[in-house]
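Copied over from Swiss-Prot:
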COMPBIAS  43-65  compositional bias 'Basic and acidic residues'
REGION    40-66  region 'Disordered'
TOPO_DOM  1-73  topological domain 'Cytoplasmic'
TOPO_DOM  117-153  topological domain 'Cytoplasmic'
TOPO_DOM  175-179  topological domain 'Extracellular'
TOPO_DOM  201-209  topological domain 'Cytoplasmic'
TOPO_DOM  231-265  topological domain 'Extracellular'
TOPO_DOM  287-306  topological domain 'Cytoplasmic'
TOPO_DOM  328-359  topological domain 'Extracellular'
TOPO_DOM  381-403  topological domain 'Cytoplasmic'
TOPO_DOM  425-431  topological domain 'Extracellular'
TOPO_DOM  453-477  topological domain 'Cytoplasmic'
TOPO_DOM  499-510  topological domain 'Extracellular'
TOPO_DOM  532-573  topological domain 'Cytoplasmic'
TRANSMEM  74-93  transmembrane segment
TRANSMEM  96-116  transmembrane segment
TRANSMEM  154-174  transmembrane segment
TRANSMEM  180-200  transmembrane segment
TRANSMEM  210-230  transmembrane segment
TRANSMEM  266-286  transmembrane segment
TRANSMEM  307-327  transmembrane segment
TRANSMEM  360-380  transmembrane segment
TRANSMEM  404-424  transmembrane segment
TRANSMEM  432-452  transmembrane segment
TRANSMEM  478-498  transmembrane segment
TRANSMEM  511-531  transmembrane segment
Amino acid sequence: MDETVNIQMSKEGQYEINSSSIIKEEEFVDEQYSGENVTKAITTERKVEDDAAKETESSPQERREVKRKLKQRHIGMIALGGTIGTGLIIGIGPPLAHAGPVGALISYLFMGTVIYSVTQSLGEMVTFIPVTSSFSVFAQRFLSPALGATNGYMYWLSWCFTFALELSVLGKVIQYWTEAVPLAAWIVIFWCLLTSMNMFPVKYYGEFEFCIASIKVIALLGFIIFSFCVVCGAGQSDGPIGFRYWRNPGAWGPGIISSDKNEGRFLGWVSSLINAAFTYQGTELVGITAGEAANPRKALPRAIKKVVVRILVFYILSLFFIGLLVPYNDPKLDSDGIFVSSSPFMISIENSGTKVLPDIFNAVVLITILSAGNSNVYIGSRVLYSLSKNSLAPRFLSNVTRGGVPYFSVLSTSVFGFLAFLEVSAGSGKAFNWLLNITGVAGFFAWLLISFSHIRFMQAIRKRGISRDDLPYKAQMMPFLAYYASFFIALIVLIQGFTAFAPTFQPIDFVAAYISIFLFLAIWLSFQVWFKCRLLWKLQDIDIDSDRRQIEELVWIEPECKTRWQRVWDVLS
């Protein structure tokens with residue numbers, strides 16, 4: 001009897017087992033055996049299948065595949081947690097100080113429409129081809145290999161540098177309570193903690209982020225309820241606050257740079273618009289998790305559809321109440337003291353006179369930044385893993401543990417955390433600020449290339465004769481929103497360093513503001529020469545099949561929400 005088993009590897013690293021021996025065994029049973037001999041033949045068949053399975057599990061390709069262990073509730077909360085971060089808690093201070101409560105509110109609403117457009121573009125592509133670090137892969141497939149590699153490396157570097165920022169900030173948050181332990185010690189402690197956490201299988205990361213995001217959601221909803229009560233007069237000896245601070249000092253901020261009132265206010269609003277764009281970064285993180293999502297074509301659209309709710313509730317509503325509780329001329333907004341003291345959330349709580357809440361809120365900030373640091377390593381490692389899988393980085397970076405963790409990519413990402421010591425060293429502040437600028441603008445490039453990729457994606461499927469109505473998720477108002485987002489993101493990238501030109505030109509500030517653009521161009525030109533490729537793929541050469549057909553063959557069975565609490569969390573996530 002022939003007991004050989006042929007194993008064919010697909011593009012996804014999945015395996016198809018052609019067991020010709022099994023067919024021959026069954027035929028042999030029918031013709032020659034009965035009774036005990038049937039049992040013997042079936043045992044032989046199972047042994048062949050088991051040997052094939054073992055060979056499949058131990059294959060080299062299997063050691064390069066992450067696991068689809070993130071459930072729908074994990075995806076929802078990771079997307080939500082990416083929205084509620086340090087950018088929201090700390091980053092809304094400068095817009096409030098420069099543009100005032102109304103100006104800041106308008107800038108966040110406007111940027112909300114831009115990020116909504118980006119997530120719509122991402123949602124349509126990532127549900128069609130759900131792969132790890134999807135938008136760097138999409139840029140490679142729909143635009144060009146050079147742009148895909150550049151986008152991937154810029155995005156990876158941005159999260160590496162952000163990880164260094166979070167490590168330095170964690171120590172500053174603890175200094176709100178005590179300065180007994182030096183900042184450098186906290187950097188080492190949290191680096192070890194966050195790096196080791198990312199060595200566990202992704203399902204544990206999903207559970208951790210689910211719990212942390214739940215705490216952040218409850219805390220933010222609690223703050224909104226608390227703010228509403230204070231605005232209505234709870235605990236206030238001089239009556240309801242209402243719109244008091246919109247009348248005095250006013251609804252519009254003092255502006256910046258120009259002595260002319262209207263011109264200064266406009267520049268202040270432009271500045272707040274750029275700050276809002278930085279603050280919204282992280283809403284695209286659902287695209288990173290696509291390659292590890294179970295049932296991605298159900299989980300990912302659901303997370304994408306709720307972006308509007310998250311923007312309106314957690315950004316706009318929070319900013320609205322903060323604008324009622326904190327005047328734009330509050331000196332704490334420009335505080336150079338303890339990091340968390342300049343948070344408008346903390347200022348509004350302290351101004352209310354509640355003694356216990358500042359400590360509680362500081363604990364929430366600590367948990368939030370810890371979650372952000374954990375996500376920084378996760379995101380960076382998956383981007384680097386994806387680059388390796390697509391032959392854009394050394395092959396060993398895509399090796400994974402039995403649990404599907406790309407451990408070399410995790411270590412290569414987390415090692416950048418030691419740049420946090422630049423914040424501790426005297427005279428290194430300028431260099432650290434340059435790194436932070438690379439972080440912010442690299443996120444803008446990712447948004448820009450998501451929109452460009454979606455435009456090319458729509459053109460490619462139309463050329464193939466595929467209707468967008470047949471896609472797992474159809475983005476709204478396309479292609480208008482893709483062009484809309486592309487235009488304003490490109491504009492923000494160009495004007496985000498405008499303060500370097502006024503009132504006089506500052507060369508150092510100019511380099512700090514635009515170093516990321518120079519870096520992007522340098523990396524792109526290097527890869528363009530390396531690949532010797534076209535600036536853009538021809539439409540007929542765009543690959544929309546790789547990684548897609550394997551997903552279409554898989555079937556996931558989602559457990560139903562049986563208890564009341566499960567249904568509540570299902571709605572929230």
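Using N, Cα and C of the backbone, Cβ positions are placed for all residues, glycine too.
Just so it is clear, the model here is predicted, and its values are computed rather than measured.
Scored by C-beta pairs under 8 angstroms, the transmembrane segment (478-498) has its highest count with 266-286, from the stretches 96-116, 266-286, 307-327, 360-380, 404-424. Proximity of the transmembrane segment (180-200) to the transmembrane segment (307-327) is not established, fewer than 3 Cβ-Cβ distances being under 8 Å for residue pairs spaced 6 or more apart. Here the topological domain 'Extracellular' (231-265) has, by DSSP, the following mix of helix, strand and coil residues: 13 helix, 0 strand, 22 coil. The stretches the transmembrane segment (96-116) and the transmembrane segment (360-380) are not in mutual contact, being linked by fewer than three Cβ pairs under 8 Å (pairs 6 or more apart in sequence).
Remark: secondary structure over the topological domain 'Extracellular' (499-510) totals 6 helix, 0 strand, 6 coil, with classes taken from DSSP. Remote same-chain residues near the topological domain 'Cytoplasmic' (117-153) are listed as 66, 283-284, 286-288, 290-293, 296-297, 300-301, 304-305, 307, 382-383, 385-387, 389-390, 392, 445-447, 449-454, 456-457, 460, 468, 471-478, 481-482, 484-485, 489, 520, 523-524, 527-528, 530-531, 533-537, 542-544, 546-548, 551 (criterion: CB distance under 8 Å, separation of at least six residues from the stretch ends).
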